[in-house]
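Feature annotation from Swiss-Prot assigns N-linked glycosylation site to Asn73, Asn96; the stated evidence is sequence analysis. The annotation signal peptide is assigned in Swiss-Prot to 1-18. Summarising the annotation, Swiss-Prot assigns topological domain 'Extracellular' to 19-129, 194-203, 256-268, 328-331, 387-395. The topological domain 'Cytoplasmic' annotation in Swiss-Prot covers 151-172, 227-232, 290-306, 353-365, 417-434. Positions annotated as transmembrane segment by Swiss-Prot, on the basis of sequence analysis: 130-150, 173-193, 204-226, 233-255, 269-289, 307-327, 332-352, 366-386, 396-416.
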Amino acid sequence: MSGNFFIFLLLLVTPGEAKKSFLSFLNIQNTEMLSFTRTEENIVVRSSYKDKQPHSSYLLVKLEDPKVLQVVNVTKTSLAVTDFTVNLKTFPGETNVTLQLWESEGRQTTLIDELKNVRVRVFRQTDDSLLQAPIHVDSSIFLLVLSMILLNKCAFGCKIEFQVLQTVWKRPLPILLGVVIQFFLMPFCGFLLSQILGLPKAQAFGFVMTCTCPGGGGGYLFALLLEGDVTLAILMTCTSTSLALIMMPVNSYFYSRLLGLAGAFHVPVLKIVSTLLFILMPMSTGVIIKHKMPAKAICLERVVRPLSLTLMFVGIYLAFRMGLVFLRMANLEVFLLGLLVPALGLLFGYSLAKVYLLPLPVCKTVALETGMLNSFLALAIIQLSFSQPKAHEASVAPFTVAMCSSCEMLLLLLVYKAKRRPSLSTEYEKTPLV
């Protein structure tokens, strides 16, 4: 009886020993997806298998797509443990790799263990990448664009109405709606949609951080072009940027834990403060010009529309140039979420403002401020918090949202102007000539 029981135990143990994994990656933490950026990469595979004869085991690397990966050589190092160093030449794309451990005894070879269908993604960090190398722009062109931006913000300062500021101070409902949507509703929607679409953790975190960004300069620019309340838009942008110093670290901590991402997340305080100063200083100059030199303020107000349109197209061009390398990594789900994020911000802002019976220009402004996000603050958080290549993968989100929101707003502007044209021509025909 005891002999039969001992044999039964051996039968239980033997299959377990046969299924023991002898291979493991030594220099890679995330084995679900290997991400490479350089033209040549090395991976180290450790084998815990004890050779029956000296140097009888070897590693075979099988590549699914040789256009993405090519094996240069495999080097075996046997000291206390056995390591195989696989030298690979990489090309942009995705493929699968299978690693097999074989043992050779004379003419007979035996498969000992294998790591099947390990997913590999290769992408390049070219000069198009904002993070690795800036776009090469002539210094004179750079100074011209910078001067245009400062002049444009100064002109916006000339359009600030103190009566509107007093009204908002007494009834801050539009600002409160913007805060609730930007820092509570939008991050939750970003998290929920990223889970529904099954995005990787890094990309999901990128979208959540993009959704928790404050309003950007595009909000008050489009408030002007779409006949919203410019003063309210500027006030909402400054308020949300100030609150971002508190709300962005809170949301990054909360949602990173929900996504199962550990580590310290850094908030770019200097970048947020500099963004706020970059808005306030030239606009304060515009306010002073309006009160001290009204005639010059009128001239500045005349150029604000053409200047804003010019800067809008320059911004779209630069965003596409910088984001091109990231868009190569974007799939259908990422593009879909990139389109949904600004659209949801516009929808939530306009709908809630309408529910509270706010005037039409105010409804437009709340929608624009919650739909046009300063995505590049999310990019700064990602780059400070993650190591490459995870940071590169997460950076797809803010760039996709930035480009999709620019295209959506441009389309909205064209539709709005096309609808306005017939009504303007009708009003002109009805106007008496005398």
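From the backbone N, Cα and C atoms, a Cβ is placed for every residue, glycine too.
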Which residues does Asn73 (N-linked glycosylation site) neighbour through Cβ under 8 Å, counting only same-chain ones at least six apart?
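Result: Asn87.
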For the transmembrane segment (173-193), which recorded stretch in the set 269-289, 332-352, 366-386, 396-416 gives the largest number of Cβ pairs separated by under 8 Å?
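Maximum Cβ contact count belongs to 332-352.
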Taking contact to mean three or more C-beta pairs under 8 angstroms, with sequence separation of 6 or more, is the transmembrane segment (332-352) in contact with the transmembrane segment (366-386)?
yes
Which whole number is the mean pLDDT over the topological domain 'Extracellular' (328-331)?
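Averaged over the topological domain 'Extracellular' (328-331), per-residue pLDDT gives 70.
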Return the residues near Asn96 (N-linked glycosylation site), defined as same-chain residues 6+ apart in sequence whose C-beta is under 8 angstroms from its C-beta, sorted by sequence, else 'none'.
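For Asn96 (N-linked glycosylation site), the qualifying residues are Glu64, Asp65, Asn117, Val118, Arg119, Val120.
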How about long-range neighbours of the transmembrane segment (396-416): same chain, 6 or more residues beyond its ends, C-beta under 8 Å?
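Cβ under 8 Å, 6 or more out: 203, 206-207, 209-210, 213, 218, 222, 225-226, 312, 315-316, 319-320, 322-323, 326-327, 329-330, 334-335, 337-339, 341-343, 346, 368, 371-373, 375-376, 378-379, 382.
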In the topological domain 'Cytoplasmic' (151-172), how many residues does DSSP put in helix, strand and coil?
17 helix, 0 strand, 5 coil
So how many of the residues in the topological domain 'Cytoplasmic' (353-365) end up helix, strand or coil by DSSP?
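Helix/strand/coil tally for the topological domain 'Cytoplasmic' (353-365): 9 helix, 0 strand, 4 coil.
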Using DSSP, tally how many residues of the topological domain 'Extracellular' (19-129) sit in helix, strand and coil.
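Each residue of the topological domain 'Extracellular' (19-129) counted once, the result is 0 helix, 69 strand, 42 coil.
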In the same chain, which residue numbers or ranges, 6 or more beyond the ends of the topological domain 'Cytoplasmic' (290-306), come under 8 angstroms Cβ to Cβ?
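Here the qualifying positions are 151-152, 154-160, 224-225.
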Which sequence-distant residues neighbour the topological domain 'Cytoplasmic' (227-232)? Criterion: at least 6 residues beyond either end, Cβ under 8 Å.
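Long-range Cβ neighbours of the topological domain 'Cytoplasmic' (227-232): 156, 159-161, 164-165, 168, 174, 220, 361-362, 364-365, 368.
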